[in-house]
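Visitor: Below you will find the structure I want to go over with you.
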Amino acid sequence: MEGLGDMKPVIVVHGGAGRIFKDREEGSRSGVTRAALKGYNILKQGGSALDAVEEAVTLMEDDPHFNAGCGSVLNEKGEVEMDAIIMDGKNLASGAVSAVKCIANPIKLARLVMEKTEHMLLTDHGAQLFAKAKGVPEIPGEKLITERSRERWSKNLEADSNPQEFKKDPGTVGAVAIDSEGNVACATSTGGLTNKLVGRVGDSACIGCGGYADNHIGATSTTGHGESMMKVVLARLILYHMEQGMSPEEAADTALDYMKTRVNGLGGVIVVSNSGDWAARFSTKQMSWASVKDDQLQCGIYTGEIQTRSVAEALGSK
């Protein structure tokens, strides 16, 4: 392609770390695969890392298998409140929204916050007013609620329920990418924790916790127990370890290990370095993830599992 940079594009996505029930494995796998292929297609055509991560996450927000957008878990009042962040590694610009309701794609709103305001994070009512001003369509909150989310919510209200069990459900979706110009970006979106307090904001909307991107180092998106990730500023911690010379995999493992020993928190991360190396690592039982590099698609859910096929093969079987 004429005029493109000579960096090989890479995209990695995740569909949340936690416990993925057998009946949801297939849907999770195909969801992250579709998202990775969508993002990679944008990168292959010379599109930006920013567009690639936004589109990949949008696709997962629209997929009811994931706790983001449609399929988000419900707060204590039985409503969906969503958080999202996007970040541009070129100039460290970032946009985020928190506790937003009644919109299909919080990640698109986060991008608008980044590009159309002087701010980085809009919340709740203010985010809603901004969405309206920018012509983002409102949808009825019920449209985002799946049968499964409602079921999980009401089970949690039962007297002998164990809310901790439900907190192990996969959280967030996210994507990181590097484009042919060598720019990196990250995007993260979530419905948060089942039966969370109204107005609770987790790591996903917080820069350095739910995601971080810097062309000088790389990009990362995180998933897992939000409060734990906020305590250790997980996304920025990973990139710090990379600045010190660690590979993406070492940096991810070191940071996850620290979070586990220091605050007893579990999670997962995807990382891409500014040289195009990548990693998908997690301390939970499972995390659905997929990556594309050099026209090779890889994906997995279990520790140590890597399924590999060519992009052509994957597109052929869709």
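In case you wondered, yes, glycine gets a Cβ from its N, Cα and C as well.
In TrEMBL, annotation is done automatically, which means it is predicted and not curated.
Sharing the feature lines straight out of TrEMBL:
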| type | residues | note |
| --- | --- | --- |
| ACT_SITE | Thr172 | active site, nucleophile |
| BINDING | Arg200, Val201, Gly202, Asp203, Thr223, Gly224, His225, Gly226 | substrate binding site |
Visitor: Are there any residues in the same chain, six or more apart in sequence, whose C-beta is under 8 angstroms from the C-beta of Asp203 (substrate binding site), and if so which?
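Guide: Listed in sequence order: Cys209, Gly210, Thr222, Gly226, Glu227, Met229, Met230, Leu234.
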Visitor: Rank the binding-site residues Arg200, His225 by how many other Cβ atoms lie within 10 Å of each Cβ and give me the one with the fewest.
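Guide: Each of the binding-site residues Arg200, His225 was scored by Cβ atoms within 10 Å; lowest is Arg200.
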Visitor: What whole-number value in Å do you get for the largest C-alpha pair distance within Arg200, Val201, Gly202, Asp203, Thr223, Gly224, His225, Gly226, the residues recorded as binding substrate?
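Guide: Result: 16 Å between the two most distant Cα atoms.
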Visitor: Just checking the binding-site residues Arg200, Val201, Gly224: which sit within 10 A of the residue listed as 'active site, nucleophile', CA to CA?
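Guide: Cα filter at 10 Å returns Gly224.
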Visitor: What count of other C-beta atoms do you get within 10 angstroms of the C-beta of Gly202 (substrate binding site), across all chains shown?
Guide: 24
